[in-house]
Amino acid sequence: MTQHFKTFGVIGAGAWGTAIAQMLAREGQTVHLWALEPEVAAAINTARENTAFLKGVPLKPEIRATNKLEDLGLADAIFAVAPAQHTRTTLRALRASLRPGTPVVLCSKGIELATGEFMTQVLKDELPEAIPAVMSGPSFAIDVAKGLPTAVTLAIEDTRLGTELIQAISTPTFRPYLGTDLLGAEVGGSVKNVLAIACGIALGKGLGRSAHAALIARGYAEMTRLALTLGAEAETLTGLSGLGDLVLTCSSETSRNMSLGLALGKGETLASILAARNAVTEGVATAPVLRRLARSQGIEMPICEAVAAVIEGEITVDDAITALLMRPVKAEAVKP
């Protein structure tokens, strides 16, 4: 373990933020975990469990929950795990206490609805002196929290610093792989949530596993097309933060996005599904802004377009399926 990283801060005490804190604490480092809700911080500090968002997982004593973002300011690295639509607010609140040159690892997978910006741009807007990094890949919170084998991509431009950070956070069951394509990792993590909703809808409607597989494959083409147009590297999309995360999220009901799509396919309304949840489903906010981004770039993303139209209440699930099935036959192209 490198001596450079001894203390970590984690913004967001939902399931994923708590799981990351648990992973970081396994090697004995001190982890300051910021929770929005005072009762969540209290439960973590007293009962050593996040009963609201990650019930049943005993948390390491090295995790210190707090409601004060300034408590994270002296950490050697920050992991930003607040929902994508709240990332800007939390980063802005950290501005006064963060040391210049601190790595901020972005773990939220989404695009800001108000601006159309990915999280790295949001970070540059709010904390220009921070060093941006992105951690993304096929990883369910419960698996990471329980110490089950998981591999992710950690993308950062400074490979020396990235290597030090990976050495500090790697465990026998949590393996980050170093990359430098932050944009590619962000595109993969954002688009796969929307595609998972589509896959859930297909299974909820009983369209079968063949249709499910086709959605994953054609969805991957949409993801890659967007990434290449925006300037990302094709290789990134073949890795953990692209194809790996896509396959996991589109294939398991543990995924919030997949399960939301499944419920939509079975006839539940979006409002009723969201009302019954205490956790954010990132694909719901990402779908409309992803559609705007694709149109602004002149990119065809019919699956993501269909999901956005359903989410916005413009068409029914049945109409979306019909529209996709009626698309003209064409070559199986991936490149824009």
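For all residues, glycine too, the Cβ spot is worked out from N, Cα and C.
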Cross-ref Swiss-Prot: sn-glycerol 3-phosphate site Gly137, Ser139, Lys192, Asp245, Ser255, Arg256, Asn257; candidate in list Lys68, Lys109, Lys124, Lys205 matching that site is Lys109
Rounded to a whole number of Å, the separation of the Cα atoms of Arg256 (NADPH binding site) and Asp245 (sn-glycerol 3-phosphate binding site) comes to 13
Could you state the whole-number distance in Å separating the C-alpha atoms of Ser255 (sn-glycerol 3-phosphate binding site) and Ala141 (NADPH binding site)? 10
Cα-proximity to Lys109 (NADPH binding site), 10 Å cut-off, over binding-site residues Ser139, Lys192, Asp245, Asn257: Lys192
List the residues in the vicinity of the NADPH site, defined as same-chain residues other than Trp16, Lys109, Ala141, Arg256, Val280, Glu282 with C-beta within 8 angstroms of the site's C-beta centre. Gly14, Ala15, Pro83, Ser108, Asn193, Ala279, Thr281
Which of the binding-site residues Trp16, Val280, Glu282 has its Cα nearest to the Cα of Gly137 (sn-glycerol 3-phosphate binding site)? Trp16
Within 10 angstroms of the C-beta of Gly137 (sn-glycerol 3-phosphate binding site), the count of other C-beta atoms across all shown chains comes to 22
Counting distance between Cα atoms, which of the binding-site residues Trp16, Ala141, Val280, Glu282 is nearest Lys192 (sn-glycerol 3-phosphate binding site)? Glu282
